[in-house]
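Participant: Next up is a structure, given as structure tokens.
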Amino acid sequence: MGSSLWTCLILLSLASASFAANPRTPIDVPFGRNYVPTWAFDHIKYLNGGSEIQLHLDKYTGTGFQSKGSYLFGHFSMYIKLVPGDSAGTVTAFYLSSTNAEHDEIDFEFLGNRTGQPYILQTNVFTGGKGDREQRIYLWFDPTTQYHRYSVLWNMYQIVFYVDDYPIRVFKNSNDLGVKFPFNQPMKIYNSLWNADDWATRGGLEKTDWSKAPFIASYKGFHIDGCEASVNAKFCDTQGKRWWDQPEFRDLDAAQWQKLAWVRNKYTIYNYCTDRKRYSQVPPECTRDRDI
């Protein structure tokens, strides 16, 4: 059986499994409802009344935008169509971050590549200023031809990274194991497109080909479903009352763990949990997150 047919059959079987804890599908609102540009305003193009935007990168600058509010817990998503063609050296990002020195951060970073070579999706989690929890996967589709939804479910129990409806990573609250978990620093949502050819593609060996500029990444789906808080707030005033706080979102169910296992087994190219040169002892959260 051909590998593409086998992949299709696996996807269909996973999609047909019943599960009870999928995040809600976000509604569509225009860019200006929840977001503002952060730099290089002239490198952002607005389409369809602001329901879609394009970020442009050239040899002079990239650009980006951020949420107006800060949030403690919720479900945060973005529909993104990545830079097509030769995107080597570029990074398209969607992430949450707090603003102080010992910051918390939840990252999606899409690392560009030469034409015909696949994108790499790198995820990372920073807690109390400590990161170094990179995981890298290939995607099972071409992310440049149409929009796909990338999202984060963040509550007191876990952080789940999703690609469309597929969980690709879980970071459990392992505070009892001595691992900090983001629970008291509100985060803003950031999106950006920039040049990172000193590291992004093959460790910096592949440089950005500026003859291909401008590089364009497209975004839509600007709804935010989170507990809005001031930057200095230490708790969500509706904690325990929102849909993402309910018992069915405190863990993945069997079907979701099956989907995650499929992604890990088929598409993982790096996982800090299994990097014995970097960590002689398995980081304590990895067992709970089923990463080993």
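Using N, Cα and C of the backbone, Cβ positions are placed for all residues, glycine too.
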Participant: May I ask you to find which of Arg33, Arg278, Arg288 Swiss-Prot records for the xyloglucan site already listed with Glu109, Gln122, Thr123, Asn124, Asp132, Arg133, Glu134, Asp198, Trp199, Gly203?
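Facilitator: Swiss-Prot lists Glu109, Gln122, Thr123, Asn124, Asp132, Arg133, Glu134, Asp198, Trp199, Gly203 binding xyloglucan, and from Arg33, Arg278, Arg288 it also lists Arg278.
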Participant: Closest to Glu134 (xyloglucan binding site): which of the recorded positions Glu105, Asp107, Asn113, Cys236, going by Cα position?
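Facilitator: Smallest Cα separation from Glu134 (xyloglucan binding site) among Glu105, Asp107, Asn113, Cys236: Asp107.
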Participant: Counting every protein chain present, what is the number of Cβ atoms, excluding its own, within 10 Å of the Cβ of Cys286 (disulfide bond)?
Facilitator: 19
Participant: Please name which of the recorded positions listed here, Asp107, Glu109, Asp132, is nearest in space to Cys286 (disulfide bond), Cα against Cα.
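Facilitator: Of the recorded positions Asp107, Glu109, Asp132, Asp132 has its Cα closest to that of Cys286 (disulfide bond).
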